[in-house]
């Protein structure tokens, strides 16, 4: 017990009353020298190659505040059951305000002349054999209205209070009714501002004037800066088949990429357009999924003989989301000094590794330990003492 007490006392005394100071020892060992220089060379390559060249650690960064304006153009034609119709932008774009996210209608199911009344549900929905199978006043999640408690014998389905006749959307028009939407054009106007650097840019860069816009059409190789896109080209560049996605709908993302280096002239800061299929499978494996495509409903209400009626549209369309991503860089002394300082600190790794090799791996490790460390228990320094000796007070 006394011995353990002495050990604890010595440990506490050493902790509070000992001081370590670095001692420089020149070791002439080829293997250790080569290891040290290789590590330092690796650290130098990391600092120059990764930190400065790849990560551009000498620059400060900023992201942009952006605004997007869109405009569709084109006219579609349909001949559904002998009814001819021409569709313009006001008919097939939702919403019509030119937002960065909108839907272009490519197919639809129309139910005309609906009025609020009582009618049977569709066959296959809420089947019944008697009135007891139809609970009056109740609703079904997949139903069209409120059940009246009556079983309609002719259809063997429950009667509902709803907009009648109820919609039948089991058969989707194929080919799509608005297959001509492939030739519609989309105009994108985008402006970005980098607050940190006080720079504002537009995708209508130098050389993109009214004359050029009137005749250009975006092409990744021939006209990469043209802001007018053909809808069919957008679908193709996103990896989809137009007829497939037009039938049941889907979603496509257009990424406007602003990656700029303001250490050069701002005129070199130009957008790049990328296209991504967000929803809708180009391999047509969506048929195995529970929910396929993209669709929504809207209604046009009107009065006929003082009776309120509506025309219901189930719209299948291509949802387009325009996403702006940005990153601007410019030289800044603060991140430069920070990168240099952290790099210099990493050079210490070479010293740590070489010390481990010297003190624990080499055959002459005890000799190197005696050369590296000197212990003293007194306040009296003997300049002639040998390395590794222990001086004690007489």
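Quick reminder: no glycine exception, Cβ is built from N, Cα and C everywhere.
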Checking feature assignment: transmembrane segment per TrEMBL, candidates 32-53, 54-75. Which range matches? 32-53
Examine the ranges 339-362, 363-386 and name the one recorded by TrEMBL as transmembrane segment. 339-362
Can you tell me which of the binding-site residues 72, 185, 295, 314 is spatially closest to residue 134 (disulfide bond)? Compare CA atoms only. 314
Rounded Cα distance in angstrom between residue 216 (disulfide bond) and residue 119 (disulfide bond) is 54
Return the member of 119, 128, 183, 226, 269 nearest to residue 295 (ATP binding site) in space, with distance defined Cα to Cα and candidates limited to these recorded positions. 183
Integer Å distance between the CA atoms belonging to residue 164 (disulfide bond) and residue 151 (disulfide bond): 16
